[in-house]
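See structure below.
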Amino acid sequence: MSPNVLRWFSLVALLWLQSINGTNLSFPAYSSQLKEFLSISQFKLNYLSFASDAGKVLGFISGIAAVHLPLPLVLLAGGSLGFAGYGLQYLSIVKKMFTLSFYQIWGLSFLAGNSICWINTACYIVAINSFPVNRQVAVGITASYQGLSGKIYTDIVHTFFYSSQREAASGYLLLNALVPLVCCVLTAPMLMRQAKATSYPTRDVKVGFIFLFAVTIATGIYAVATSLLPAPAVLVLVGIVLFLLAPLAIPTGFTLEELMSCRRSHQKIHDLEVPIEEDQKKEEEEIDEKAMLGVKEEVEWTQLWKKLDFWLYFGLYLFGPTVGLVFMNNLGQIAESRGCAATSSLVALSSSFGFFGRLLPSLLDYFFSKKRYMPSCLVSMAVSLVAMVASFLLLLIDSDIALYISTAMIGVFCGALTSLSVTMTAELFGTKHFGVNHNIVVVSIPIGSFVFGLFAAKVYRDGAAFDAQFDGKCFGMYCFQTTLIFWGMLCSFAAVLAAILYLRNRKFYTQKS
(Lines of atoms letter the chains of each structure in order from A and count residues from 1; the text may use other names and numbers.)
(Lines give C-alpha, C1' and ligand atoms only; values in the text may rest on other atoms or scores of the structure.)
Protein backbone atom coordinates (compact mmCIF):
# COMPACT_ATOMS: atom_id res chain seq x y z
CA MET A 1 0.00 0.00 0.00
CA SER A 2 1.46 3.38 -1.03
CA PRO A 3 2.00 6.13 1.58
CA ASN A 4 -0.63 8.28 -0.13
CA VAL A 5 -3.32 5.59 0.14
CA LEU A 6 -2.22 4.70 3.66
CA ARG A 7 -2.66 8.25 4.95
CA TRP A 8 -6.21 8.35 3.60
CA PHE A 9 -7.09 4.99 5.14
CA SER A 10 -5.67 6.32 8.41
CA LEU A 11 -7.81 9.46 8.13
CA VAL A 12 -10.95 7.38 7.62
CA ALA A 13 -10.02 5.33 10.70
CA LEU A 14 -9.70 8.57 12.67
CA LEU A 15 -13.19 9.61 11.58
CA TRP A 16 -14.62 6.37 12.94
CA LEU A 17 -12.68 6.65 16.18
CA GLN A 18 -13.75 10.22 16.84
CA SER A 19 -17.38 9.49 15.99
CA ILE A 20 -17.63 7.14 18.99
CA ASN A 21 -15.10 8.78 21.31
CA GLY A 22 -17.41 11.45 22.77
CA THR A 23 -18.92 9.09 25.35
CA ASN A 24 -19.30 11.97 27.80
CA LEU A 25 -21.66 13.74 25.38
CA SER A 26 -24.39 11.17 26.08
CA PHE A 27 -24.32 11.80 29.85
CA PRO A 28 -27.22 14.34 29.83
CA ALA A 29 -29.47 11.75 28.16
CA TYR A 30 -29.28 9.38 31.13
CA SER A 31 -28.20 11.63 34.01
CA SER A 32 -31.72 11.92 35.49
CA GLN A 33 -32.11 8.12 35.50
CA LEU A 34 -28.62 7.71 36.97
CA LYS A 35 -29.63 10.10 39.73
CA GLU A 36 -32.57 7.81 40.55
CA PHE A 37 -30.50 4.61 40.23
CA LEU A 38 -28.02 5.82 42.83
CA SER A 39 -30.51 7.86 44.93
CA ILE A 40 -28.17 10.84 44.97
CA SER A 41 -28.65 14.60 45.18
CA GLN A 42 -28.07 17.15 42.42
CA PHE A 43 -24.75 18.01 44.08
CA LYS A 44 -23.52 14.41 43.84
CA LEU A 45 -24.76 14.13 40.27
CA ASN A 46 -22.70 17.21 39.49
CA TYR A 47 -19.68 15.53 41.09
CA LEU A 48 -20.17 12.54 38.75
CA SER A 49 -20.41 14.87 35.76
CA PHE A 50 -17.24 16.56 36.97
CA ALA A 51 -15.48 13.19 37.36
CA SER A 52 -15.61 12.50 33.63
CA ASP A 53 -14.12 15.93 32.92
CA ALA A 54 -11.61 15.52 35.77
CA GLY A 55 -10.09 12.59 33.90
CA LYS A 56 -8.59 15.15 31.55
CA VAL A 57 -6.33 16.38 34.38
CA LEU A 58 -4.10 13.39 33.68
CA GLY A 59 -4.57 13.65 29.92
CA PHE A 60 -0.98 14.86 29.51
CA ILE A 61 0.15 11.32 30.39
CA SER A 62 -1.28 10.14 27.07
CA GLY A 63 0.81 12.81 25.32
CA ILE A 64 3.98 11.59 27.03
CA ALA A 65 3.07 7.97 26.25
CA ALA A 66 2.61 8.88 22.58
CA VAL A 67 6.24 10.02 22.46
CA HIS A 68 7.58 6.69 23.75
CA LEU A 69 4.99 4.12 22.65
CA PRO A 70 3.55 3.10 19.26
CA LEU A 71 0.31 4.98 18.60
CA PRO A 72 -1.77 1.77 18.25
CA LEU A 73 -0.85 0.95 21.86
CA VAL A 74 -1.90 4.45 22.97
CA LEU A 75 -5.18 3.90 21.14
CA LEU A 76 -5.80 0.49 22.72
CA ALA A 77 -4.96 1.90 26.16
CA GLY A 78 -7.71 4.49 25.70
CA GLY A 79 -10.26 1.88 24.68
CA SER A 80 -9.32 -0.35 27.63
CA LEU A 81 -9.61 2.48 30.17
CA GLY A 82 -13.08 3.34 28.90
CA PHE A 83 -14.10 -0.32 28.95
CA ALA A 84 -13.04 -0.62 32.60
CA GLY A 85 -14.60 2.70 33.64
CA TYR A 86 -18.04 2.25 32.10
CA GLY A 87 -18.08 -1.57 32.19
CA LEU A 88 -17.68 -1.84 35.96
CA GLN A 89 -20.34 0.84 36.44
CA TYR A 90 -22.71 -1.17 34.25
CA LEU A 91 -22.10 -4.39 36.15
CA SER A 92 -22.60 -2.67 39.50
CA ILE A 93 -25.44 -0.22 38.84
CA VAL A 94 -27.48 -2.20 36.30
CA LYS A 95 -26.63 -5.87 36.83
CA LYS A 96 -26.13 -5.54 40.62
CA MET A 97 -23.24 -8.05 40.48
CA PHE A 98 -21.42 -6.16 43.21
CA THR A 99 -21.81 -2.95 45.20
CA LEU A 100 -19.72 0.12 44.64
CA SER A 101 -19.62 3.17 46.84
CA PHE A 102 -20.28 6.61 45.38
CA TYR A 103 -16.58 7.41 45.55
CA GLN A 104 -15.68 4.23 43.67
CA ILE A 105 -18.19 5.13 40.94
CA TRP A 106 -16.65 8.60 40.85
CA GLY A 107 -13.22 7.01 40.33
CA LEU A 108 -14.52 4.86 37.48
CA SER A 109 -16.07 7.95 35.84
CA PHE A 110 -12.69 9.66 36.19
CA LEU A 111 -11.05 6.69 34.46
CA ALA A 112 -13.61 6.75 31.66
CA GLY A 113 -13.07 10.46 31.12
CA ASN A 114 -9.31 9.97 30.92
CA SER A 115 -9.77 7.33 28.20
CA ILE A 116 -11.06 10.03 25.83
CA CYS A 117 -7.71 11.84 26.07
CA TRP A 118 -5.76 8.77 24.95
CA ILE A 119 -7.89 8.27 21.85
CA ASN A 120 -7.87 12.01 21.07
CA THR A 121 -4.09 12.18 21.38
CA ALA A 122 -3.55 9.29 18.98
CA CYS A 123 -6.01 10.78 16.47
CA TYR A 124 -4.56 14.30 16.57
CA ILE A 125 -0.96 13.13 16.16
CA VAL A 126 -1.77 10.85 13.22
CA ALA A 127 -3.75 13.63 11.51
CA ILE A 128 -0.98 16.21 11.98
CA ASN A 129 1.79 13.85 10.88
CA SER A 130 -0.13 12.58 7.85
CA PHE A 131 -1.17 16.03 6.58
CA PRO A 132 1.36 18.54 7.97
CA VAL A 133 0.50 21.29 5.47
CA ASN A 134 -3.27 20.78 5.84
CA ARG A 135 -3.18 19.92 9.54
CA GLN A 136 -6.04 22.29 10.52
CA VAL A 137 -8.28 20.74 7.89
CA ALA A 138 -7.34 17.15 8.82
CA VAL A 139 -7.64 17.71 12.58
CA GLY A 140 -10.79 19.81 12.20
CA ILE A 141 -12.65 17.25 10.11
CA THR A 142 -11.72 14.34 12.39
CA ALA A 143 -12.55 16.35 15.53
CA SER A 144 -15.91 17.33 14.05
CA TYR A 145 -16.96 13.68 13.98
CA GLN A 146 -16.66 13.53 17.77
CA GLY A 147 -19.61 15.90 17.82
CA LEU A 148 -21.68 13.06 16.32
CA SER A 149 -21.07 10.75 19.29
CA GLY A 150 -24.12 11.87 21.26
CA LYS A 151 -26.30 11.45 18.17
CA ILE A 152 -24.88 8.01 17.33
CA TYR A 153 -25.25 6.62 20.86
CA THR A 154 -28.79 8.05 21.10
CA ASP A 155 -29.78 6.37 17.81
CA ILE A 156 -28.35 3.01 18.94
CA VAL A 157 -30.18 3.25 22.27
CA HIS A 158 -33.47 4.18 20.55
CA THR A 159 -33.06 1.14 18.29
CA PHE A 160 -32.11 -1.54 20.82
CA PHE A 161 -32.71 -0.29 24.40
CA TYR A 162 -35.71 2.03 24.42
CA SER A 163 -38.46 -0.07 26.01
CA SER A 164 -38.16 2.14 29.13
CA GLN A 165 -36.12 5.07 30.45
CA ARG A 166 -34.37 2.71 32.85
CA GLU A 167 -33.33 0.33 30.08
CA ALA A 168 -32.18 3.28 27.96
CA ALA A 169 -29.89 4.47 30.77
CA SER A 170 -28.38 1.00 31.12
CA GLY A 171 -27.93 0.90 27.34
CA TYR A 172 -25.85 4.07 27.37
CA LEU A 173 -23.49 2.63 30.02
CA LEU A 174 -23.10 -0.64 28.11
CA LEU A 175 -22.45 1.07 24.77
CA ASN A 176 -19.97 3.52 26.31
CA ALA A 177 -18.00 0.52 27.58
CA LEU A 178 -18.03 -1.69 24.48
CA VAL A 179 -18.21 0.48 21.35
CA PRO A 180 -14.96 2.50 21.79
CA LEU A 181 -12.93 -0.62 22.68
CA VAL A 182 -14.24 -2.58 19.68
CA CYS A 183 -13.57 0.37 17.35
CA CYS A 184 -10.02 0.80 18.75
CA VAL A 185 -9.25 -2.88 18.17
CA LEU A 186 -10.56 -2.72 14.59
CA THR A 187 -8.75 0.50 13.63
CA ALA A 188 -5.43 -0.05 15.42
CA PRO A 189 -3.97 -2.06 12.49
CA MET A 190 -4.64 0.91 10.18
CA LEU A 191 -2.44 3.08 12.40
CA MET A 192 0.27 0.42 12.74
CA ARG A 193 2.07 1.67 9.63
CA GLN A 194 1.67 5.42 9.98
CA ALA A 195 2.23 7.26 6.71
CA LYS A 196 5.36 9.38 6.74
CA ALA A 197 4.87 13.01 5.69
CA THR A 198 6.63 12.67 2.35
CA SER A 199 5.62 14.26 -0.93
CA TYR A 200 2.21 13.38 -2.27
CA PRO A 201 0.17 14.52 -5.28
CA THR A 202 -1.45 17.91 -4.69
CA ARG A 203 -4.35 16.94 -6.93
CA ASP A 204 -5.07 13.88 -4.76
CA VAL A 205 -5.16 16.00 -1.62
CA LYS A 206 -7.51 18.54 -3.20
CA VAL A 207 -9.85 15.90 -4.61
CA GLY A 208 -9.78 13.91 -1.37
CA PHE A 209 -10.62 16.82 0.92
CA ILE A 210 -13.33 18.22 -1.36
CA PHE A 211 -15.03 14.81 -1.48
CA LEU A 212 -14.60 14.42 2.28
CA PHE A 213 -16.12 17.85 2.90
CA ALA A 214 -19.10 16.89 0.73
CA VAL A 215 -19.62 13.63 2.64
CA THR A 216 -19.14 15.34 5.99
CA ILE A 217 -21.65 18.11 5.23
CA ALA A 218 -24.17 15.55 3.98
CA THR A 219 -23.65 13.55 7.18
CA GLY A 220 -24.27 16.64 9.30
CA ILE A 221 -27.44 17.57 7.39
CA TYR A 222 -28.71 14.02 7.82
CA ALA A 223 -27.91 14.10 11.56
CA VAL A 224 -29.73 17.42 12.07
CA ALA A 225 -32.74 16.37 9.97
CA THR A 226 -33.21 13.07 11.80
CA SER A 227 -32.87 14.87 15.15
CA LEU A 228 -35.70 17.28 14.32
CA LEU A 229 -38.00 15.07 12.23
CA PRO A 230 -39.58 11.79 13.42
CA ALA A 231 -38.27 8.69 11.68
CA PRO A 232 -37.91 4.95 12.48
CA ALA A 233 -34.88 4.52 14.74
CA VAL A 234 -33.55 1.53 12.77
CA LEU A 235 -33.56 3.45 9.48
CA VAL A 236 -31.87 6.44 11.10
CA LEU A 237 -29.11 4.22 12.47
CA VAL A 238 -28.59 2.46 9.13
CA GLY A 239 -28.28 5.84 7.43
CA ILE A 240 -25.63 7.03 9.91
CA VAL A 241 -23.62 3.83 9.39
CA LEU A 242 -23.71 4.27 5.60
CA PHE A 243 -22.53 7.87 5.91
CA LEU A 244 -19.65 6.73 8.15
CA LEU A 245 -18.62 4.16 5.54
CA ALA A 246 -18.80 6.66 2.64
CA PRO A 247 -15.29 8.19 3.20
CA LEU A 248 -13.79 4.79 2.35
CA ALA A 249 -14.42 5.75 -1.27
CA ILE A 250 -11.40 8.11 -1.12
CA PRO A 251 -8.59 5.59 -0.39
CA THR A 252 -10.38 2.96 -2.46
CA GLY A 253 -10.48 5.32 -5.44
CA PHE A 254 -6.80 6.24 -5.09
CA THR A 255 -5.90 2.54 -4.85
CA LEU A 256 -7.70 1.76 -8.10
CA GLU A 257 -6.09 4.78 -9.74
CA GLU A 258 -2.61 3.61 -8.72
CA LEU A 259 -3.27 0.08 -9.99
CA MET A 260 -4.42 1.40 -13.34
CA SER A 261 -1.40 3.66 -13.76
CA CYS A 262 1.09 1.09 -12.42
CA ARG A 263 1.52 -0.70 -15.76
CA ARG A 264 1.92 2.54 -17.70
CA SER A 265 4.65 3.87 -15.43
CA HIS A 266 6.46 0.58 -14.77
CA GLN A 267 8.72 0.81 -17.81
CA LYS A 268 9.83 4.38 -17.00
CA ILE A 269 10.79 3.81 -13.37
CA HIS A 270 14.40 2.77 -14.01
CA ASP A 271 15.11 5.76 -16.26
CA LEU A 272 13.65 8.31 -13.84
CA GLU A 273 14.73 6.79 -10.53
CA VAL A 274 17.33 9.41 -9.59
CA PRO A 275 15.30 12.47 -10.62
CA ILE A 276 12.30 11.13 -8.70
CA GLU A 277 14.36 10.80 -5.50
CA GLU A 278 15.70 14.33 -5.90
CA ASP A 279 12.21 15.72 -6.48
CA GLN A 280 10.89 13.91 -3.41
CA LYS A 281 13.60 15.38 -1.19
CA LYS A 282 12.90 18.84 -2.54
CA GLU A 283 9.15 18.49 -1.96
CA GLU A 284 9.74 17.13 1.57
CA GLU A 285 11.72 20.28 2.38
CA GLU A 286 8.90 22.40 0.96
CA ILE A 287 6.36 20.55 3.09
CA ASP A 288 8.41 21.12 6.26
CA GLU A 289 8.78 24.81 5.37
CA LYS A 290 5.07 25.24 4.71
CA ALA A 291 4.16 23.40 7.91
CA MET A 292 6.37 25.72 9.97
CA LEU A 293 4.80 28.87 8.48
CA GLY A 294 1.75 28.46 10.72
CA VAL A 295 3.73 28.03 13.95
CA LYS A 296 4.81 30.94 16.14
CA GLU A 297 7.37 28.93 18.15
CA GLU A 298 8.08 25.43 19.42
CA VAL A 299 7.53 25.31 23.20
CA GLU A 300 8.25 22.29 25.38
CA TRP A 301 5.47 21.44 27.83
CA THR A 302 7.79 22.06 30.79
CA GLN A 303 8.18 25.71 29.65
CA LEU A 304 4.51 26.52 29.07
CA TRP A 305 3.94 28.04 32.50
CA LYS A 306 6.54 30.75 31.73
CA LYS A 307 4.53 32.03 28.76
CA LEU A 308 1.93 34.78 29.31
CA ASP A 309 0.21 33.66 26.10
CA PHE A 310 -0.36 30.27 27.70
CA TRP A 311 -2.15 31.71 30.73
CA LEU A 312 -4.30 33.99 28.56
CA TYR A 313 -5.15 31.02 26.35
CA PHE A 314 -5.79 28.78 29.36
CA GLY A 315 -8.20 31.38 30.78
CA LEU A 316 -9.92 31.75 27.41
CA TYR A 317 -10.52 27.98 27.29
CA LEU A 318 -11.61 27.89 30.94
CA PHE A 319 -14.23 30.63 30.62
CA GLY A 320 -15.29 29.83 27.04
CA PRO A 321 -15.51 26.29 25.62
CA THR A 322 -15.56 24.79 29.11
CA VAL A 323 -18.73 26.72 29.98
CA GLY A 324 -20.39 25.27 26.89
CA LEU A 325 -19.45 21.77 28.03
CA VAL A 326 -20.83 22.47 31.53
CA PHE A 327 -24.09 23.55 29.92
CA MET A 328 -24.21 20.25 28.00
CA ASN A 329 -23.59 18.30 31.22
CA ASN A 330 -26.56 20.05 32.86
CA LEU A 331 -28.81 19.91 29.80
CA GLY A 332 -30.88 17.06 31.24
CA GLN A 333 -31.68 18.97 34.43
CA ILE A 334 -32.24 22.24 32.54
CA ALA A 335 -34.81 20.57 30.26
CA GLU A 336 -36.48 18.78 33.19
CA SER A 337 -36.77 22.00 35.23
CA ARG A 338 -38.48 23.73 32.28
CA GLY A 339 -40.96 20.87 31.85
CA CYS A 340 -39.41 19.61 28.61
CA ALA A 341 -39.36 15.81 28.44
CA ALA A 342 -37.46 15.52 25.14
CA THR A 343 -33.98 15.35 26.72
CA SER A 344 -32.64 12.74 24.29
CA SER A 345 -33.79 14.86 21.33
CA LEU A 346 -31.97 17.87 22.79
CA VAL A 347 -28.81 15.80 23.22
CA ALA A 348 -29.04 14.59 19.62
CA LEU A 349 -29.69 18.18 18.47
CA SER A 350 -26.71 19.64 20.34
CA SER A 351 -24.54 16.78 19.10
CA SER A 352 -25.57 17.29 15.47
CA PHE A 353 -25.06 21.06 15.53
CA GLY A 354 -21.82 20.56 17.47
CA PHE A 355 -20.69 18.42 14.55
CA PHE A 356 -21.24 21.35 12.16
CA GLY A 357 -19.56 23.74 14.57
CA ARG A 358 -16.42 21.61 14.71
CA LEU A 359 -16.39 21.30 10.94
CA LEU A 360 -16.95 24.98 10.12
CA PRO A 361 -13.40 26.29 10.92
CA SER A 362 -11.81 23.61 8.73
CA LEU A 363 -14.21 24.31 5.89
CA LEU A 364 -13.50 28.05 5.95
CA ASP A 365 -9.75 27.52 6.36
CA TYR A 366 -9.49 25.18 3.39
CA PHE A 367 -11.43 27.32 0.92
CA PHE A 368 -10.75 30.85 2.18
CA SER A 369 -7.41 30.73 4.04
CA LYS A 370 -5.64 32.55 1.19
CA LYS A 371 -8.17 35.38 1.20
CA ARG A 372 -7.09 38.51 3.06
CA TYR A 373 -10.48 38.90 4.70
CA MET A 374 -10.29 35.46 6.33
CA PRO A 375 -10.25 36.08 10.13
CA SER A 376 -7.62 34.50 12.37
CA CYS A 377 -8.44 31.74 14.84
CA LEU A 378 -8.55 34.19 17.74
CA VAL A 379 -10.97 36.53 15.98
CA SER A 380 -13.18 33.55 15.13
CA MET A 381 -13.04 32.44 18.77
CA ALA A 382 -14.04 35.90 20.00
CA VAL A 383 -17.03 35.98 17.63
CA SER A 384 -18.10 32.48 18.73
CA LEU A 385 -17.90 33.50 22.40
CA VAL A 386 -20.09 36.56 21.83
CA ALA A 387 -22.63 34.31 20.08
CA MET A 388 -22.60 31.98 23.11
CA VAL A 389 -23.38 34.94 25.37
CA ALA A 390 -26.42 35.67 23.20
CA SER A 391 -27.44 31.98 23.44
CA PHE A 392 -27.41 32.02 27.24
CA LEU A 393 -29.48 35.21 27.27
CA LEU A 394 -31.98 33.60 24.89
CA LEU A 395 -32.37 30.74 27.37
CA LEU A 396 -33.89 33.20 29.84
CA ILE A 397 -37.06 33.16 27.70
CA ASP A 398 -39.59 30.62 28.99
CA SER A 399 -40.18 28.76 25.73
CA ASP A 400 -39.36 25.34 24.32
CA ILE A 401 -38.46 27.01 21.03
CA ALA A 402 -35.91 29.21 22.82
CA LEU A 403 -34.51 26.09 24.51
CA TYR A 404 -34.10 24.27 21.19
CA ILE A 405 -32.59 27.27 19.38
CA SER A 406 -30.17 28.06 22.24
CA THR A 407 -29.11 24.42 22.54
CA ALA A 408 -28.37 24.31 18.79
CA MET A 409 -26.45 27.61 18.93
CA ILE A 410 -24.35 26.56 21.91
CA GLY A 411 -23.67 23.25 20.16
CA VAL A 412 -22.45 25.04 17.01
CA PHE A 413 -20.24 27.64 18.68
CA CYS A 414 -18.88 25.35 21.41
CA GLY A 415 -17.99 22.88 18.65
CA ALA A 416 -16.29 25.62 16.66
CA LEU A 417 -14.29 26.70 19.72
CA THR A 418 -13.20 23.12 20.39
CA SER A 419 -11.96 22.74 16.80
CA LEU A 420 -10.26 26.15 16.76
CA SER A 421 -8.49 25.43 20.04
CA VAL A 422 -6.64 22.47 18.50
CA THR A 423 -5.27 24.76 15.78
CA MET A 424 -4.51 27.50 18.32
CA THR A 425 -2.37 25.17 20.42
CA ALA A 426 -0.33 24.19 17.35
CA GLU A 427 0.00 27.83 16.19
CA LEU A 428 1.09 29.30 19.52
CA PHE A 429 3.19 26.44 20.92
CA GLY A 430 4.18 24.29 17.94
CA THR A 431 3.50 20.74 16.76
CA LYS A 432 6.53 18.85 18.16
CA HIS A 433 5.08 18.70 21.68
CA PHE A 434 1.44 19.08 20.67
CA GLY A 435 0.22 15.85 22.32
CA VAL A 436 1.31 17.01 25.78
CA ASN A 437 0.70 20.74 25.32
CA HIS A 438 -2.93 20.43 24.24
CA ASN A 439 -3.75 18.00 27.02
CA ILE A 440 -2.36 20.54 29.50
CA VAL A 441 -4.64 23.22 28.01
CA VAL A 442 -7.74 21.02 28.41
CA VAL A 443 -6.98 20.65 32.13
CA SER A 444 -9.15 23.79 32.28
CA ILE A 445 -12.17 21.58 31.52
CA PRO A 446 -12.27 19.70 34.86
CA ILE A 447 -11.53 22.91 36.76
CA GLY A 448 -14.42 24.74 35.08
CA SER A 449 -16.67 21.69 35.23
CA PHE A 450 -16.25 21.49 38.99
CA VAL A 451 -16.50 25.19 39.86
CA PHE A 452 -19.17 26.26 37.37
CA GLY A 453 -21.12 23.02 37.75
CA LEU A 454 -21.03 23.35 41.54
CA PHE A 455 -22.42 26.87 41.24
CA ALA A 456 -25.26 25.54 39.07
CA ALA A 457 -25.98 22.75 41.57
CA LYS A 458 -26.15 25.24 44.47
CA VAL A 459 -28.60 27.49 42.62
CA TYR A 460 -30.64 24.40 41.71
CA ARG A 461 -30.69 23.17 45.32
CA ASP A 462 -31.77 26.56 46.61
CA GLY A 463 -34.58 26.58 44.07
CA ALA A 464 -35.68 23.08 45.07
CA ALA A 465 -35.80 24.15 48.74
CA PHE A 466 -38.78 26.42 47.97
CA ASP A 467 -41.02 23.43 47.33
CA ALA A 468 -40.35 20.26 49.32
CA GLN A 469 -43.07 18.22 47.54
CA PHE A 470 -40.79 17.50 44.58
CA ASP A 471 -38.28 15.55 46.69
CA GLY A 472 -35.18 17.57 45.91
CA LYS A 473 -36.14 18.41 42.33
CA CYS A 474 -36.55 21.97 41.09
CA PHE A 475 -39.16 23.03 38.53
CA GLY A 476 -39.38 26.49 37.02
CA MET A 477 -37.31 29.07 35.18
CA TYR A 478 -35.69 30.27 38.42
CA CYS A 479 -33.86 26.93 38.81
CA PHE A 480 -31.15 27.94 36.32
CA GLN A 481 -31.84 31.64 35.71
CA THR A 482 -28.97 32.95 37.83
CA THR A 483 -26.69 30.23 36.48
CA LEU A 484 -27.38 31.16 32.85
CA ILE A 485 -26.58 34.82 33.52
CA PHE A 486 -23.36 33.78 35.29
CA TRP A 487 -22.32 31.54 32.40
CA GLY A 488 -22.99 34.36 29.95
CA MET A 489 -20.74 36.69 31.96
CA LEU A 490 -17.95 34.11 31.89
CA CYS A 491 -18.16 33.82 28.09
CA SER A 492 -17.99 37.62 27.86
CA PHE A 493 -14.76 37.60 29.88
CA ALA A 494 -13.37 34.85 27.61
CA ALA A 495 -14.10 37.04 24.57
CA VAL A 496 -12.07 39.84 26.17
CA LEU A 497 -9.17 37.42 26.75
CA ALA A 498 -9.34 36.37 23.08
CA ALA A 499 -9.09 40.02 22.03
CA ILE A 500 -6.07 40.59 24.30
CA LEU A 501 -4.34 37.46 23.01
CA TYR A 502 -4.95 38.57 19.43
CA LEU A 503 -3.45 42.02 20.08
CA ARG A 504 -0.36 40.40 21.60
CA ASN A 505 0.09 38.18 18.51
CA ARG A 506 -1.20 40.51 15.81
CA LYS A 507 2.23 40.68 14.12
CA PHE A 508 2.38 36.86 13.88
CA TYR A 509 -1.07 36.62 12.29
CA THR A 510 -0.27 39.46 9.90
CA GLN A 511 2.83 37.63 8.68
CA LYS A 512 0.94 34.37 8.46
CA SER A 513 -1.72 35.86 6.22
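For all residues, glycine too, the Cβ spot is worked out from N, Cα and C.
Feature list (source: TrEMBL):
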DOMAIN    7-251  domain 'Nodulin-like'
DOMAIN    293-510  domain 'NFD4 C-terminal'
SIGNAL    1-22  signal peptide
TRANSMEM  57-84  transmembrane segment
TRANSMEM  105-127  transmembrane segment
TRANSMEM  172-192  transmembrane segment
TRANSMEM  204-225  transmembrane segment
TRANSMEM  231-256  transmembrane segment
TRANSMEM  310-329  transmembrane segment
TRANSMEM  373-395  transmembrane segment
TRANSMEM  401-422  transmembrane segment
TRANSMEM  434-455  transmembrane segment
TRANSMEM  475-503  transmembrane segment
Point to revise | Overall pLDDT for the domain 'NFD4 C-terminal' (293-510), taken as the rounded mean | key: 85
Check your understanding: Between the transmembrane segment (434-455) and the transmembrane segment (231-256), are there at least three Cβ pairs closer than 8 Å, leaving out pairs fewer than 6 positions apart?
Key -> no
Exercise for review: Name the range, of those listed as 172-192, 204-225, 401-422, 475-503, that has the largest tally of Cβ pairs under 8 Å with the transmembrane segment (310-329).
Suggested key: 475-503
